[in-house]
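Residues or ranges marked as transmembrane segment in TrEMBL: 15-36. Marked as domain 'Multidrug resistance protein MdtA-like barrel-sandwich hybrid' by TrEMBL: 78-200. Annotated domain 'CusB-like beta-barrel' per TrEMBL: 210-281, in sequence order.
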Amino acid sequence: MPTRVDKKPSTTKRMIWMIVGVLLLIALIAGIKVLLVMRMIHNMPKPAPFTVSTTTAREQPWQPALSAVGTLRAANGADLAMDVAGLVTEVNLKSGQDVKQGQVLVQLRDGDDVAQLQQLEAAAQLSQLTFERARKQLAAQAISKADYDTAAADLKGRQAAVAQQKVVVAKKQLRAPFAGRAGIITTSPGDYLSAGTTVVTVQQLDPLFVDFYVPQSELGRMQVGQAVNLKLDAYASRGFSGKLSAISPKVDLGTRNVQVEATVPNHDKALTPGMFAKVSVDVGNEQPRLTLPQAAIVYNPYGDTVYVVQPPKGKDDKGQPLPPTVKQTFVTVGETRGDQVAILKGIEPGTVVVTSGQIKLKNDAPIAIDNSVKPADSAHPAPQEH
């Protein structure tokens, strides 16, 4: 009986070869697709360079300064009121007028008080004559010592009454306690004023004080006599200067800040008490600092960066030099002044940095430099009128 041949291994081999063939076909198709994509990418036009402006980091003399905000205060200031009630008969100033120390500003009716003063002065003059006569008679032993003492006591009593009445009359006048500028007058002749009613404020405007606070960590850099510079919104194109005049001996327990006072000349009376001021105190000696325009800094939560310009590397297919590129670099920034910021770490003098157009950049992005319009880079900028 003939032997039966098993054909199962032959079928398995055919299946394996079929699978291998399919895989090779898939690999071939995928390879061709990759080659086509790579050729398309290679043939695609390269992105146009991004237009930016640049500047060169350079060292400049820099005066270290401590910035704060402060409030202007008059050297002397008072809200003036009458000590006694009465009817106003004279107002001897206008609102906003400069007044002299001791000048009578408001007069109350004082006719009865002046008449009584004159009566007391007459009685005092009579007592003076009586005392002089008694003194001569005592020298001649014409009267007793007791009569002389009586005459002397009467004279002193009369003189005390005169002095007391002069005080009463003086209280009917409101005088300027110091030279300064009057505020708005709130009374006029014919008004009845109660005691303690504020009539006008007087502020001494030259010099002025500016009060501000600094952290206790900066206390070691503060010294009386240091230069202080002020900027105010009311005078955007003008600066004011003064000197540090006092430092509080106590640190505020709540804020850990120290109150500081500076004196600012105000000869033209341009400044007024209560104005808000940006204060800058010169601390230490002038020193060189690497500077950049503030517009060059890209502020991020993970750190401040700048885009450093890299020189062209190689040539394109047509033999033309490739455009320069940029590299994002971390920097440590310091104080600011005007449009500038001090760079403490990250780049060296002479480094070319992008100052505008950073928002569209990334590492190795090609750039085209156009410095026809550049961001402001002034240490002491002035407002521009348009």
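Cβ coordinates come from backbone N, Cα and C, glycine included.
Note: TrEMBL annotation is automatic and uncurated.
The average pLDDT computed for the domain 'CusB-like beta-barrel' (210-281) is 90. Under DSSP, the residues of the domain 'Multidrug resistance protein MdtA-like barrel-sandwich hybrid' (78-200) split into helix, strand and coil as follows: 55 helix, 28 strand, 40 coil.
Summarised by DSSP class, the composition of the domain 'CusB-like beta-barrel' (210-281) is 6 helix, 43 strand, 23 coil.
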